[in-house]
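What follows is a short report on a single structure.
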């Protein structure tokens, strides 16, 4: 892609998200979401591959549906209450519709089916943008409306953690596994949103760091399926030995960073006298942990050389920058001791 066109699209991507962040009017927020969607569409389809075009079409139709639903709900709210302010949502009907529309935008279960299919059709760089940056604007709106429909949010959260763990069990494609991982982590964030928005922000922040490092590792190894991970020892031995720790951090095991948000979320749910919800969420995390362990096994405990079904890729040196990978990997592995400082900064 022409660098000037790419820069324009990335600028549009950032501008759309910024407009949504800064808006207090539903029409401006909707406009920012639409700019965001229209800017990423050419980036997704730039490979001109049938799978990329198919993924782009699915993404466009899904986002257009969610945006239309959001616009209809905000208009309904203006009709019922006489105001367009995002933080003054009082009627339960438009609040429920907007919550479901934003759930469709970010890929929460049970409206999640588009996310694994779309992510599978993209390259790892575009998939990284879709899994991280594209979640920010809808989450900003969810945090602003702070829906009080506890039953809806609890059901969305538990369903997402269950589907995110269950759906990734039989997958061999890394991008689909990361999509189901995203669904599971989003479920944890939604589960705690109504009780502690600052905890949701903390979980989102740690998710972004861990997902960023995971995508960069797979991009450095040029791996898109589990079999390709088995030959990563010859490409980057030191990174291959650290990657299982990154994956276990995604799974939420101590003493790694991913344990921090799950620990605090379970603690907050228990404080809110929801032990059954906390127990179910913790059990669904075991499902996610299983397929992270599968990836760790494929990378570190599978002997090389391997009889792969596909052609062994050329072991060419990667032109990828190593500083972002080093920073995110370090954060993914070592932020847990800073939990008291982080919680104090977020005023938890």
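Including glycine, each Cβ sits where the backbone N, Cα and C put it.
It should be emphasised that the depicted structure is a prediction, and the values quoted were computed from it without experimental measurement.
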Next on the checklist: Tell me which of 233-254, 299-320, 321-342 corresponds to the transmembrane segment entry in TrEMBL.
Outcome noted: 233-254
Checklist entry - So which range, 18-38, 39-59, 60-80, gets flagged transmembrane segment in TrEMBL? => result 60-80
Next on the checklist: For the annotation transmembrane segment in TrEMBL, which listed range does it cover: 92-115, 116-139?
Outcome noted: 92-115
Next on the checklist: Quick test of your reading of TrEMBL: among 154-173, 274-293, where does it put transmembrane segment?
Outcome noted: 274-293
Item to check | Among 60-80, 92-115, 233-254, 274-293, stretch most in contact with the transmembrane segment (177-195) (C-beta, under 8 angstroms) | outcome: 92-115
